[in-house]
Structure formats: C-alpha cells, structure tokens
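Asker: Features from Swiss-Prot:
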DOMAIN    5-95  domain 'ATP-cone'
BINDING   LYS9, GLU15, LYS16, ILE17, ASN18, LEU19, ASP20, LYS21, THR55, LYS91  ATP binding site
DISULFID  CYS225-CYS462  disulfide bond
BINDING   ASP232, ASN233, LEU234, ARG262, ARG269  dTTP binding site
ACT_SITE  ASN437  active site, proton acceptor
ACT_SITE  CYS439  active site, cysteine radical intermediate
ACT_SITE  GLU441  active site, proton acceptor
SITE      TYR730  site 'Important for electron transfer'
SITE      TYR731  site 'Important for electron transfer'
SITE      CYS756  site 'Interacts with thioredoxin/glutaredoxin'
SITE      CYS761  site 'Interacts with thioredoxin/glutaredoxin'
Amino acid sequence: MKNSLFVTKRNGKKEKINLDKIHKVLNWAAKGLENISVSQVELRSRIQFYNNISTVNIHETIIKAAADLISENTPDYQYMAARLAIFHLRKKAYGQFEPPNLYYHVKKMVQLGKYDEKLLQNYSFEEYVEMNSFVDHRRDMNFSYAAVKQLEAKYLLQNRVTGQIYESAQFLYILISACLFSKYEKKVRMNYIQRFYNAISTFKISLPTPIMSGVRTPTRQFSSCVLIECADNLNSINATTSAIVKYVSQRAGIGINAGQIRALGSPIRNGEAFHTGCIPFYKHFQSAVKSCSQGGVRGGAATVFYPIWHLEIESLLVLKNNRGIEENRVRHLDYAVQINKLMYQRMLLGQKITLFSPSDVPKLYEFFFSDQKKFKEIYIKYEKNRNIRKKSINAIDLFCLIMRERASTGRIYIQHVDHCNSHSAFNSKLATIRQSNLCLEITLPTKPLNNIDDKNGEIALCTLSALNLGLINDLHDLKELSTLSVRALDEILEYQNYPVVCAKKSAISRRSLGIGVINFAYYLAKNKVRYSDGSAKNLTHKTFEAIQYYLLKASCELAKEKGSCSLFNQTNYYLGKFPIDTYKKDIDSICNEPLHLNWNLLRKKIKKYGLRNSTLSALMPSETSSQISNATNGIEPPRGFISIKSSKDGMLRQVVPEYKKLKSEYELLWEIPNNIGYLELVAIMQKFVDQSISANTNYDPKRFLNEKIPMKQLIYDLLVAYKLGIKTLYYQNTRDGAEDNQNLNKSIENIKEDNCTSGSCTI
C-alpha cells in the first residue's frame, strides 16, 4: 500500500499515514503471543483505509481485524485485539497510553462530578500515593477482547450520551477497593485495599454489574437482587410498582411475588364489584419494569411468582408465549411457578389438584410456605367445602401444561417452596421464604408493603460476588478469597443508599450476602472430571463444603469484630442448624463423600459470636462477569469452545480457558447425554449453599424419537430435581441448531442477551 494517504489525527491535524508506526503498534500487541500473524492483521486493515481517515478509525479498524481472526486454532488473537483495544481506550480516556497519577485522576473526576466526593475526603494525598503504588496497569493486558468490550460497554465510567470514557480498568478496581474499605481503621485499611485490589484485578473474585459500574460514583445502590412481595390490595400493588421503578432505575433486577392477588371474578367490597384478576396488574408491573433502562447500563427485568394452585394458573402459564393477543399476554416478564410436595404427590397418584383464589381460603397461602403439614390439612378441608369457589384439574394435565410452556418459552421457572423453607438459612416460623428473585438463586424473607414508606413491610436485598474456581490451586485458597468477599460485601450494606425505607431496614438487620462461583466448567476440565459420568461428584462436594465453611468462618470472625446482624435470632444458624444438617438426605445415595473440615469447632464459634450475615452463598448466572474474567459462565458447561456474543461493535468471540491444553477434557453442553449428571452436581452444591442455585435444564431434540422431547422426560427431570432437594430451576434451554449453522465452527456458542444479562441478579 502506498504511503500517499493522509490521516486526520485526534487533534484535527492532517499528516501522511505512517505505516511503520502501525506496524510497531501491532508488533507490541503481538509480543509473547502464539500463532499470531502481524502481516495478516495489517493486510486486513489496509484494504479498509481511505484518504483522510481518522486515526481513531484506523485504530478501530486494526482492532476489528485482529478480533475477526480469533478462532480455535488461533485463540491468542483475543489478547492481541484486547491490547489494541486497551491502547485505544486509554487514548480516549487520558489522551495518551500511560495512565495519570491516581490522586490527580481522582481529583479531576471529583471536580467533574463523576466520582463520589467522599473519595477525596476519606483519604489523604499520602494514602493515594500508597494506593498508586499498588496499581499494576500491566494487568490490563490480561483481558481478553470480549472482556475489554464488556468493560467499555458496561463498567468503565463514561458519558453515555457522548461516549466519552473517563477511566481505565485498574483505576476502576483500586477505587472500588478504596470505597469499600474506607470505614476501616487507618492502620489496617491499606492492607485490605491492597489484598482486595489484587484479588479482583487478577479475576480471583468477580463482582456484579451494580458494583463494577457504580461504586466510586455518586450513585450508591449496589444490591444486585431485589425481592418485592405484593399483598392483595390496591395500596400494596401501587407501592410494589413504585418500589419496582425506584430499583430498576438503579441497576437492580426484580423478583415480584404476586401470588396473593385474588383471581378473576372474586368479589370486591362484599360483591359491590368483581375483581379483574391478575393479568391487568401484571401488565402494570411490566410497565414499571420497562420504564427505566437502569442507568443506561442494562434494561429492566423481573420474574413474577405465583402458586401452582392459583385459580388463574391456566391463564397465567401462557402469558409468555407467542400465541394469543395483547390483551391476554404479558410477554416482557418472566414467571416462576411455586410447587410443593403435595402437588407432586397428586400427580404421581393420578389425582386432581384443586385451584383456589387465595382470597377465598384463609391461611392457605401462608401455610403453603411456612408449614407443610398445616397446608395439607386445610387444603383438603377447603377442597371439601362446597361453599368455596374452586376448580379441579388433573394434576398430570396441569404439570404437562407447566412443562409445555417451560419448554416453549424457556422462561417458566420452578420454585420448590417446601425445600426453600426446610433447607433454609432462616427459621421458617420467624422468617418465611415466599419467593425468589429474577434469576432464581436468592431465597430471602419478604413482607408486603402497603405504601412506599411502610416500615412494617420488607423488601429483601442481596449483594453478590463470585469466586473464580478456575484460579484456585488449593481449597485453602478459598479462605482468603472468602474473607475478602464477605468483608467487602458487608461494607457495601453501610456504604450504599436505599431508595425505599423497608429495604434499608431489611438489608441492615439481615445483612444477606450471596457469594457464588464462576469458571466451574474450567475447574472440572483442569481436574479431568466431567458433568455427566459422576466423576465430578466428590470434587464438587469437597469444593462446596470448603466454600461454605470459609464463608461462614469469615462471617463469624466479622461478627466477633463488629457484632452479629440484629436479626441473627431469626436464622437457623442461631439454632445451631446448618445446611449440612437440613439437606435432602437423598443426596447421600448419589455421593458418599464425607465432610473434611472442622464443623464442630465452627459451630461452637458461631454459637459464641454469631454471624455478621444471615446468608452467605447463592449460585448465580454470570454471563457478563465471566467474560471479564475470561472464565466459563457460573456452574454451566460451555456450549462451545468459542462463545460469540452480539454487541454494537459486532460479534465478540471468546475462547474457553486453556483451550489447547484442555480441549479433550472440557465437556460441552450438547455432548452431555441428559440432565441427570448436572442435576446431581447441583444437588450436591445445594447441600452446602444456604440460598439457592440458578440451575438450568437442557434438551437436544435430536436425541429423541422424531426429534420431539417426550413429556415424560420433562416430568422425570422435574421429579429428579425435587427428589434431590433442588430448590429452584431457572432456564430450560432447547438446542435449536442456531449455533450449528454458524459459519465459524461446530463448537461455537452463540450467546444472546437475555433477562439475566439485562437484569441484575447476575454478576
């Protein structure tokens, strides 16, 4: 190519194109990487150059040229493209490649109103000098290309109208650390800041979107999950809607318990009017959820919960599907059906399920969650009462309808309310679990509010993070990571603001945390065990025992230091009951691995000092944060060795960790013959996890006769999940062949934005 083209520089000046300069930058970006051809990137770039092209466009062109070469055979292009993108980001943020001094950067951002002014008030110049020495900007070069694009799109502070970037990744990490430990004593806080910075900047701890995009800014709401319960009256419905708007606007995903709302045709004011039923109010909730785009970072999303025995269930189950008309569909919410043992027994015995309006059957709704024995007694009593409006339906027909809609939409979720209360962190008589959250991994107590300032209501909040299993060398590594995670998240509860008063009361008195994992598939591959054949069971048992043990130990140590949470007496831990005491004993038939840690000593310490946090663990989806950490998603098997995610910058490709070394050890999703191996691992995890797990079921029609998934298979898997004590089921994924039709490779995963990347219970 001739050197005759002119370029327009960032300052507006024109000069002749300097191909040698481009060549040097590409060589720098390729240094130390394998299977990289600088000349190929140059050739792909040059054919797109034109006269007076801006240097910004040149940079974006060479980034895309490198990114387009990412493949199974040449995975290192994801790092070359990332380095070029980091170079570009720093030029946009700072006007140069070298980042400025931390103190002067913070001072400038506070003056611009971008950073929280407390950053300057809480730390001295000398402390910023010390923090600046902790920062290792070379760690930017460890990001994959997909990670850099996610950082740019969702996490780095920017003007979302003009696109101006204000910071780079290492400043994001050090300032999150500084904000979270600002209230610690001066003599110890620098130590915690450095340790936490090192853990998050090397991807050992993964943080959720609200924390990554919000901590250090003047907007202080970082709880990922918000659970709101609605009572059966207009005041509560309106208060619920108001709370939804407040939290959706501040980056949170929503779980809505609407199960108490009475059924269509129910009398109002002793028959003066009849009720319009659930659907109009679900539409009201949908409008509230979609009213805000969560600060430009993500769109609002919510899951609505209702009991299987609700009189309107046949109409509610079809709200998500593509049939019907606008009046009888509410498609932009997801739904979860709440089920207990009695309903399964009715199905297995070929009996009927009786449907009621909750308003017609006093105490039934309450006992459905809090007392299974009393629920059964009064359910049968109400069935026999001829004066109560009801409808009987064959149990198998109702379960088939549930599973048909779950298969059709993928977004009808399941909550086993008896497991959620019998195997809970909470004493179900004092703090009943009546719903979950957007992504089905949070199980916290809620109470309806009758107005937005109702101090007697309870909105549950959960603050999330995850441990990167792929980066631990020994289970003892989890001790330090658990300590840092618990301490950092606990500080967030005091650091953040609360848009609704009853949410603050709940968050501060319960101090619930949900710490999960990412990179489980890589962890299994590294240890040469698999999802499907049972070989991962013992490793999973040992790993999740260690996670829960060290999380509880960290919370107990914090309670010794700062005091236990004020509602600790409402937990099972207060009674000396741990998840290892209340788990479904059917798990023992699939895994006989013993406990390895000193639980008796930990019990004694918790009895003496209590716990700082009511809950510690929850296993959430982690699509976005896994990309940042170049990890596999949560506990899920990858669909392909390369994942592809659509973005405004085109298709983002990311290769699974250590692909070349571990290709034969990874078990891809559609290679797994059925759900049983995966569900058994989830059940083993649930033995230790004190909240719940976003567990999915997956079906490849090609494995079945006539490529039709038999209903009996869907029901069987549901029964297995219940039998093994699994609390919740999230997505049902059906292989549609889309990823097979990609022109790239058969082992490519196509990731679509879903409610969990747009909702906030993910990390």
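Note that Cβ sites are derived from N, Cα and C of the backbone, with glycine treated the same way.
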Asker: Which of the recorded positions listed here (LYS9, LEU234, ARG262, TYR730, TYR731) have a Cα atom within 10 Å of the Cα of GLU441 (active site, proton acceptor)?
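Answerer: The recorded positions passing the 10 Å Cα test are TYR730.
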Asker: Per the record, ATP is bound by LYS9, GLU15, LYS16, ILE17, ASN18, LEU19, ASP20, LYS21, THR55, LYS91: how many Å separate the farthest pair of Cα atoms?
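Answerer: Those residues reach a largest Cα separation of 20 Å.
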Asker: For the domain 'ATP-cone' (5-95), would you mind checking the mean pLDDT of the predicted model?
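Answerer: Value for the domain 'ATP-cone' (5-95), mean pLDDT as a whole number: 93.
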Asker: Where's the emptiest Cβ shell within 10 Å among the recorded positions CYS225, LEU234, CYS462?
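Answerer: If we count Cβ atoms within 10 Å for the recorded positions CYS225, LEU234, CYS462, the smallest count is at LEU234.
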Asker: Within 10 Å of each Cβ, count the other Cβ atoms, then let me know which of the recorded positions ASP20, ASP232, GLU441 comes out lowest.
Answerer: ASP20
Asker: So for ASN437 (active site, proton acceptor), how many other CB atoms are inside 10 Å of its CB?
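Answerer: Result for ASN437 (active site, proton acceptor): 36 neighbouring Cβ atoms inside 10 Å.
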Asker: Through the lens of DSSP with three states only, how would you label ASN18 (ATP binding site)?
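Answerer: In three-state terms, ASN18 (ATP binding site) counts as coil.
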Asker: Taking every protein chain shown into account, which of the binding-site residues LYS9, LYS16, ARG262 has the largest tally of Cβ atoms within 10 Å of its Cβ?
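Answerer: Result of the Cβ crowding comparison: ARG262.
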Asker: What is the number of residues in the domain 'ATP-cone' (5-95) that are helix, strand and coil, as DSSP sees it?
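Answerer: DSSP classes over the domain 'ATP-cone' (5-95) add up to 52 helix, 8 strand, 31 coil.
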Asker: Check the Cα distances from ASN437 (active site, proton acceptor) to each of the recorded positions LYS9, LYS16, CYS225, LEU234, ARG262 and keep only the ones within 10 Å.
Answerer: CYS225
Asker: Helix, strand or coil for LEU234 (dTTP binding site)? Use DSSP.
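Answerer: Going by the DSSP assignment, LEU234 (dTTP binding site) falls within a helical segment, counted as helix.
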Asker: Provide, as an integer number of angstrom, the distance between the C-alpha atoms of ASN18 (ATP binding site) and CYS225 (disulfide bond).
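Answerer: Roughly 51 Å, rounded to the nearest whole number.
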Asker: Starting from CYS439 (active site, cysteine radical intermediate), work out which of the recorded positions listed here (LYS9, CYS225, ASP232, ARG262, TYR731) have their Cα within 10 Å, and give them in sequence order.
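Answerer: The recorded positions close to CYS439 (active site, cysteine radical intermediate) (Cα within 10 Å), listed in sequence order, are CYS225, TYR731.
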Asker: Determine, using Cα-Cα distances only, which of these recorded positions is closest to ARG262 (dTTP binding site): LYS16, ASP20, CYS462, TYR730.
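Answerer: With Cα distances computed to ARG262 (dTTP binding site), the winner among LYS16, ASP20, CYS462, TYR730 is TYR730.
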Asker: Just to verify a number: CA distance, ASP232 (dTTP binding site) to CYS462 (disulfide bond), in angstrom, no decimals.
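Answerer: The separation of the Cα atoms works out to 25 Å.
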Asker: Measuring C-alpha to C-alpha, could you say which of the recorded positions LEU234, TYR730, TYR731 are within 10 Å of THR55 (ATP binding site)?
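Answerer: Checking each Cα against THR55 (ATP binding site), there are no hits.
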